[in-house]
């Protein structure tokens with residue numbers, strides 16, 4: 001554009017590509033020429049957008065042809081899982097997890113197929129163009145139109161088990177529409193109520209960091225952050241790049257062979273960072289968390305101004321910029337959730353599907369081992385990159401290279417069908433998008449009967465059997481004796497359910513009932529003993545199975561099964577399958593009579609305290625399971641607020657309570673180091689944890705925020721300490737002060753000030769600023785004024801708010817002194 005050598009970019013330019021182009025142009029040609037380029041891009045884009053007249057019609061919504069096949073495969077898998085559950089091979093918890101994973105896999109694969117279908121058949125499709133342009137729209141919104149809505153979450157973020165298999169073009173049936181209303185309600189509630197929460201978070205962030213300004217060139221801190229240069233994937237490379245670019249190096253590093261300087265002390269790491277990444281070394285950089293100025297940050301600790309790509313200037317309001325950078329995406333994405341309609345999004349492992357029906361082959365002896373997954377299924381776990389080949393015939397074949405830590409579900413030589421999941425790849429760097437919480441599941445018996453647990457037989461380990469039985473209850477009645485009473489022998493006869501045809505039955509089982517008072521006029525029923533009651537051809541209870549003898553000499557029943565033993569489905573012979581899990585109740589010469597039972601597989605460490613005889617729908621046991629909860633930006637903002645406010649939970653959980661963790665860390669470090677070092681080391685770990693947690697929430701929503709912005713807010717939260725021993729100073733025990741101020745004072749005192757680190761939320765840190773004028777403009781105005789008057793405080797007018805209120809020139813930019 002500005003040189004004789006014209007550069008051609010033969011590719012589609014979406015939002016990311018345009019961003020990279022402008023960034024590259026700014027570095028090479030400067031601000032003025034970049035401004036002219038932006039004007040030309042804007043004019044070019046608007047002219048062509050007007051001429052194109054892009055809009056969506058019903059014909060643009062193209063449903064992928066492979067959807068029908070994917071639905072059939074998912075239904076087959078669900079039927080297999082259901083059979084395993086009914087036969088007691090898997091428990092209820094595993095059944096629910098596998099059911100959800102089946103729909104997740106189908107939803108994800110259908111989304112990929114939808115994009116692939118549009119890409120192959122209609123590149124100029126309006127929907128495809130808008131979706132992949134890089135605008136705020138998301139593929140999860142578009143897939144509802146052309147693939148399937150999938151699993152839905154209610155207004156609390158809880159998962160509903162029944163998925164919506166149709167899309168909006170096909171139309172929803174009455175049940176699917178009813179489920180869909182849950183999500184629609186969630187979207188409306190979030191948009192109307194939660195937007196205010198996102199705005200209030202921004203306000204608190206602004207108040208916490210408004211006085212953070214670039215005040216000096218260098219603070220000469222001895223503290224630094226160590227970064228190890230090591231990456232394997234593109235994602236790790238990208239994270240290293242974001243971490244390093246624009247930072248100041250604090251240690252000269254040379255090559256081992258020729259002492260050539262790779263990077264020198266005080267040098268800012270620019271876009272030539274690739275030469276650093278070629279060496280397996282450790283880089284030491286300055287961060288805002290390491291700055292030891294009592295107010296504000298120095299240029300060396302902050303590094304580049306990300307807007308210009310140059311060292312930040314003195315008087316720059318980096319605190320306000322940081323607060324806006326963190327708060328703005330939350331406000332925007334809160335309003336975006338309305339379009340998602342409550343669909344449950346879950347990051348699953350990447351599945352490898354078979355491209356056609358054929359046979360699979362790979363070497364079992366190399367780069368992996370046979371093992372079992374958490375569902376007790378046989379898999380092959382790869383330790384290194386693994387080659388697998390799928391043959392349709394001698395000519396057509398497909399080759400895949402699986403990364404380490406992948407699961408292969410099929411064995412070599414096994415037949416695979418088109419779109420069947422043959423393997424899953426696992427990325428250790430990815431964090432789960434959905435939060436998990438413990439849920440107690442109640443497992444109830446669907447029949448009445450007798451319980452039995454076989455603890456000796458390993459084959460039936462963890463199986464809980466319920467034998468079919470009916471409860472017989474007798475009604476009690478009484479009457480005062482006024483007349484003569486006749487006593488007769490009364491019994492309740494239980495006839496045999498299974499008897500041979502056309503033969504007299506043996507004596508039936510009789511239960512004698514002892515009745516003290518029976519009315520004289522009660523109804524009488526007579527029955528003869530040994531009378532034929534049941535004929536096989538006439539009545540057959542559905543829960544009973546009878547096996548008749550075959551006209552063969554060979555025995556059908558395996559003799560190892562004795563009366564009372566349990567047998568699973570398909571476990572008698574190969575020719576004659578047992579249709580249901582059963583118990584042998586009668587053994588004859590050539591036949592066995594089986595009774596249908598219902599097996600339940602128990603989880604480990606479940607205590608059995610149930611009665612011997614159980615009624616239908618009686619509680620068998622309770623199992624604790626991990627249940628997923630949809631984690632969109634609404635739930636994300638709640639988590640971000642908890643971290644920034646450093647809230648204490650009512651139930652003290654030391655693994656999650658940051659205040660307790662900080663206290664424990666300080667106690668442990670205090671045994672090895674002095675007071676100042678142990679405080680800074682314990683604070684450093686908490687700072688790292690908060691930074692990683694906040695970044696993970698935003699990155700799950702596709703938002704990139706520079707670590708610098710979050711570090712500035714975290715510095716405000718962790719820069720205070722509480723005094724435990726005042727030493728020679730005029731401070732009072734329990735007073736909260738800045739750690740850098742105390743360290744400067746300790747240099748002059750013989751009896752040092754002893755202190756402990758504390759963690760303040762953004763609201764509290766705003767109330768502990770040096771300026772009392774700033775405090776009264778935020779919260780607790782009367783309290784702050786009275787406290788300032790009693791303590792005879794002086795406001796030195798360092799920040800923005802205090803100068804603004806008094807009508808002074810604010811100390812930033814040209815007003816900075």
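Keep in mind that glycine also has a Cβ here, set from the backbone N, Cα and C atoms.
For 219, 291, 298, 301, the entry in Swiss-Prot reads Zn(2+) binding site.
When the binding-site residues 219, 298, 301 are compared by the number of other CB atoms within 10 angstroms of each CB, 219 has the fewest. If you take the C-beta of residue 291 (Zn(2+) binding site) and look for same-chain residues 6 or more apart in sequence within under 8 angstroms, you find 219, 221, 297, 298, 301, 302, 715. According to DSSP, residue 291 (Zn(2+) binding site) is assigned to coil rather than to any helix or strand. The Zn(2+) site is set by 219, 291, 298, 301; from the centre of their CB atoms, other residues of the chain with a CB within 8 Å are 216, 218, 221, 286, 288, 290, 292, 293, 297, 299, 300, 302. According to DSSP, residue 301 (Zn(2+) binding site) is assigned to a helical segment.
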